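Chemist: Sharing a structure here in C-alpha cells format.
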C-alpha cells in the first residue's frame, strides 16, 4: 500500500465508518438479531456497501463483508457516476479498506470466512476498520487523522480499531500460493 492509498483512507475514514453504520441498518437478521454492515473503499475513492443476510437454514447466511465484496465484483452501473472511476471492474488490490459496524459497543471483527474472502481480493496491507455502535461521525470530526505505518493502528480513535488484514489473518493462504512450485 502506498502513501497515496493511506492518505485516501485517512481522508475518507469518517465517511467510510459512517457508511458501514448506515449499511448495518439494511441488515436482514431476523434470527440472531445481530446486525452487521460493511463498507469497502476502493483506490478510486468509491464506497460500496453490504449488510448481513440471514437464512433459516443458517448455512445460507451471508455476512456483510462478503455481501459488499460480491456486490463490488458484479456491479456495473449502480455506482454514483459522478465518482471518479465509477463502473470500473474491481480487481485484486483495488479495495484498500474495509469498514465493519455492528450493534456492539466495542468493535466487531470480521469472521474467519470473511477474513479469507477479503484475502482473495485485497492485499495483506488492506486496512480493516472496526467501529463500535457508540461512534458518532459528528463527534469524530474533531479527532485528528494520522497516517503512519504501524500495522494499520495509525487510524485508531475512540470506538474505532484499525488493523491490517495481515494482522487479522497471519500466515494466510492466498491466490499467489497456488502459483508456487509443487511436487507432482
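Keep in mind that glycine also has a Cβ here, set from the backbone N, Cα and C atoms.
Automatic, uncurated: that is what TrEMBL annotation is.
Since this is a predicted model, take the numbers as computed values, not measurements.
Not my notes, these are from TrEMBL:
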type: ACT_SITE; residues: 65; note: active site, proton donor
type: BINDING; residues: 52, 53, 54, 55, 56, 57, 58; note: substrate binding site
type: BINDING; residues: 63, 111, 114; note: Zn(2+) binding site
type: DOMAIN; residues: 11-176; note: domain 'CMP/dCMP-type deaminase'
Chemist: For the recorded positions listed here (54, 65), which one has the lowest count of neighbouring CB atoms within 10 Å of its own CB?
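Modeler: Output over recorded positions 54, 65: least Cβ neighbours within 10 Å is 54.
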Chemist: Using a 10 angstroms cut-off on Cβ to Cβ distances, just flag whichever of 55, 57 is the loneliest among these binding-site residues.
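Modeler: The binding-site residues 55, 57 were compared, and 57 has the fewest Cβ atoms within 10 Å.
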Chemist: For residue 54 (substrate binding site), which of the recorded positions 63, 65, 114 has the nearest Cα in space?
Modeler: 63
Chemist: Using CB atoms and a 10 A radius, I'd like the single residue among the binding-site residues 111, 114 with the highest neighbour count.
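Modeler: Its Cβ has the most other Cβ atoms within 10 Å: 114.
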Chemist: To test your reading of the substrate site: which residues beyond 52, 53, 54, 55, 56, 57, 58, same chain only, put their Cβ within 8 Å of the Cβ centroid of those residues?
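Modeler: So the additional residues around the site are 28, 31, 59, 60, 61, 62.
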Chemist: Can you see whether DSSP assigns residue 53 (substrate binding site) to helix, strand or coil?
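Modeler: Note: residue 53 (substrate binding site) is in a strand by DSSP.
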Chemist: Quick check: of the recorded positions listed here (63, 65, 111, 114), which one has the Cα closest to that of residue 55 (substrate binding site)?
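Modeler: Of the recorded positions 63, 65, 111, 114, 63 has its Cα closest to that of residue 55 (substrate binding site).
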Chemist: Counting only residues 6+ apart in the same chain, whose Cβ is under 8 Å from the Cβ of residue 56 (substrate binding site)?
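Modeler: Within the chain, residue 56 (substrate binding site) has Cβ neighbours under 8 Å at 31.
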Chemist: List which of the binding-site residues 52, 53, 57 have their Cα within 10 Å of the Cα of residue 63 (Zn(2+) binding site), in sequence order.
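Modeler: Qualifying among 52, 53, 57: 52, 53.
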Chemist: Could you tell me the mean pLDDT the prediction assigns to the domain 'CMP/dCMP-type deaminase' (11-176)?
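Modeler: Across the domain 'CMP/dCMP-type deaminase' (11-176), the average pLDDT comes out at 86.
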